[in-house]
Amino acid sequence: MSRSVQLATTAGDQAAADPDSLRLHQLGYKQELKRGLSTLSNFAFSFANISVLTGVTATYNTGLRYGGPVSMSLGWLLVALFNGCVALSMAEICSAYPTSGGLYYWSAKLAGKEWASLASWVTGWFNIVGQWAAIASVDFSLAQLLQVIILLSTGGASGGGYMASKYVVLVICAVMLILHGIINSLPIQWLSFFGQIGAIWNAAGVFVLVILIPSVAKDRPSVEFVFTHLNTDNGMGIHDKAYIFAVGLLMSQFSVLGYDTSAHMVEETKNADRSGPVGIITSVVCATVFGWIYLLALTSAVTDIPYLLSPDNDAGGYAIAQALYTAFHRRYGSGAGGIACLGAVAVAVFLCGIACVTSNSRMAYAFSRDGAMPLSRVWYRVNRHEVPLNVVWLGVAVAFVMALTSLGSQVAFQAMGSIATVGMYIAYALPVFFRVTTARRSFVPGPFHLGKYGVAVGWVGVVWVATVTVLFSLPVAYPVANKETFNYTPVAVGGVLLLSVGAWVLRARFWFKGPITNTSDGPV
């Protein structure tokens, strides 16, 4: 029997047995990861990764300081509208190219032959660096939250409570990273379980807190305050209202980040060309609705913004912690209920960290499979449980190195949230840009597509990402006098761009040709 006939026979057998494996084979890859996730599990990973309890809690201080209630309540809806366009376009592309490489593979396919390898290279590096920054940001935020819980449980800042040093916080962060690495070393069935628990915990947590917080808070602001009050007393020397509102959007933009997880998990998902897009869209819709309701509930306990942000309060300036602690203390004479609420949020942040490492490991596995990472042969390995173990621990190690910046400057580390946001959204927007420009006539959609609206929706998403990239690179304090008031975001994002393009010009262009097929007959 000839080789071509053998291949045709093999492909036919695959189609009959597993259409997902055949589609992956057509895209140029062998099925090497265990395909054991359902549509629900795929959605759960993205929803747990987005984790509005994590995003809103970690960045609430930023939203409260820059604009306050209006930048969060109405700003959230503004971000949701434009962010939805990005998600819809990504879902359409995911349906056409369901591979773990996700964004960088899409860019290679859509940029055209002349630009394919460069587009793939830059997109991949923005994606993976953004994911590393997200892991560092989430786990360090968890360490800070645990530190605040300990502080309030031991009497608060004004009552002689234990205030952990920056070194202790870093150690807590390291422990969380190690735990996340251990959990991500388990088989996919266990990871699917944690993903589903993360989704359930976020939904249930928001439901409980939304009922509990307004009912406990004795002093509640008016509806007008929640939807129209613009806080200009930020203490950062910024007074222009439009500028303040724009900077405050970082909280909303960061809080709905991570839905590319559904794309990175498609090689482990059944009915991938449908389940992947469904996971992206439903996770964004659910996160948008749950997040907005959670924000409104939190803001219903906000009356004295300067006090909540003051480093002299019981929570050391952690606004959400102080608001919950105060609400329960005024109602019951004890802040224990508020501490319990913070504990529930901490569990959500921990589960979010698991999903962040999972998503990063699958993306890094695919990127190393295509030879794009140093020591790719080391990272492109799966163990006997079909888990890419080496890249799991690579992500943990890199995230810890990023967390070390907290020892030098808290502001420098806080830029990690901005780097994760801007870097990831640039990676989201690049394949969409190529979809609506060079490849819009040749794009062959999958089962999920936007029809005649695809190009228009894509352009809205691309313009939005370009806008927020500029906004989040602007100074966040005036005058910009020292390392504590400097916005490190443009330096970090520009550094990723410079290093990736520089590496391309000097070396990578000679050997990296984009995604490398590992099947004998290559992609279709």
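Here the Cβ of each residue, glycine as well, is placed from N, Cα and C on the backbone.
What TrEMBL lists as transmembrane segment is 41-62 (among others).
Long-range contacts of the transmembrane segment (74-98) within its own chain (CB-CB distance under 8 A, at least 6 residues past either end) are made by residues 20, 23-24, 27, 63, 67, 105-106, 109-110, 227, 245, 248-249, 251-253, 255-256, 259-260, 262-263, 266-267, 269, 272-274, 276-278, 280-281, 284-285, 288, 291-292, 295, 425, 428-429, 431-432, 435-436, 443-450, 454, 457-458, 460-461, 464-465. The transmembrane segment annotation in TrEMBL covers 74-98 (among others).
The transmembrane segment annotation in TrEMBL covers 118-138 (among others).
Marked as transmembrane segment by TrEMBL: 168-187 (among others).
Listed by sequence, the residues of this chain that lie at least six past the ends of the transmembrane segment (199-217) yet keep a Cβ under 8 A from its Cβ atoms are 43-44, 47-48, 51-53, 286, 290-291, 293-294, 296-298, 300-301, 324, 327-328, 331, 337, 341, 344-345, 347-348, 351. Look at TrEMBL and you will find 199-217 (among others) tagged as transmembrane segment.
A Cβ distance under 8 Å defines the sequence-distant neighbours of the transmembrane segment (242-259), meaning residues of its chain 6+ beyond its ends; these are 46, 49-52, 54-56, 58-60, 62-63, 65-68, 70-72, 75-76, 78-80, 83, 87, 90, 134, 230-232, 234, 279-280, 283-284, 287-288, 291, 355-356, 359, 417-418, 420-421, 424-425, 468, 471-472, 474, 476. Marked as transmembrane segment by TrEMBL: 242-259 (among others).
Here TrEMBL flags 280-302 (among others) as transmembrane segment.
Here the transmembrane segment (335-357) has long-range neighbours at 45-46, 48-51, 53-54, 57-58, 131, 134-135, 138-139, 141-142, 145-146, 148-149, 152-153, 156, 176-177, 179-181, 183-184, 191, 194-195, 197-198, 201-202, 205, 208-209, 212-213, 216, 258, 261, 314, 320-321, 324-329, 392, 395-396, meaning same-chain residues at least 6 beyond its ends whose C-beta is under 8 angstroms from one of its own. Taken from TrEMBL, the feature transmembrane segment applies to 335-357 (among others).
Here the transmembrane segment (387-405) has Cβ contacts under 8 Å with residues 33, 131-133, 135-136, 139-140, 170, 173-174, 177-178, 180-181, 184-188, 357, 360-362, 364-365, 368, 378-381, 412-413, 416 of the same chain, all six or more residues outside its ends. If you look up TrEMBL, you'll see 387-405 (among others) marked as transmembrane segment.
Per TrEMBL, the feature transmembrane segment maps to 411-434 (among others).
Annotation comment: TrEMBL describes 455-474 (among others) as transmembrane segment.
The annotation transmembrane segment is assigned in TrEMBL to 486-506 (among others).
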| Who are the long-range neighbours of the transmembrane segment (280-302) in its own chain, taking Cβ under 8 Å and residues 6 or more past its ends? | 43, 46-47, 50, 52-53, 55-56, 60, 64, 68-69, 72-73, 76-77, 80, 83-84, 87-88, 90-91, 94, 202-203, 206, 209-210, 213-214, 216-217, 220-221, 226, 252, 255-256, 259-263, 308, 319-320, 323-324, 326-327
| field | Tertiary contacts of the transmembrane segment (486-506), as residues 6+ beyond its ends and Cβ separation under 8 Å | value | 118, 121-122, 125-126, 129, 411-412, 415, 418-419, 422-423, 426, 469, 472-477, 480, 512
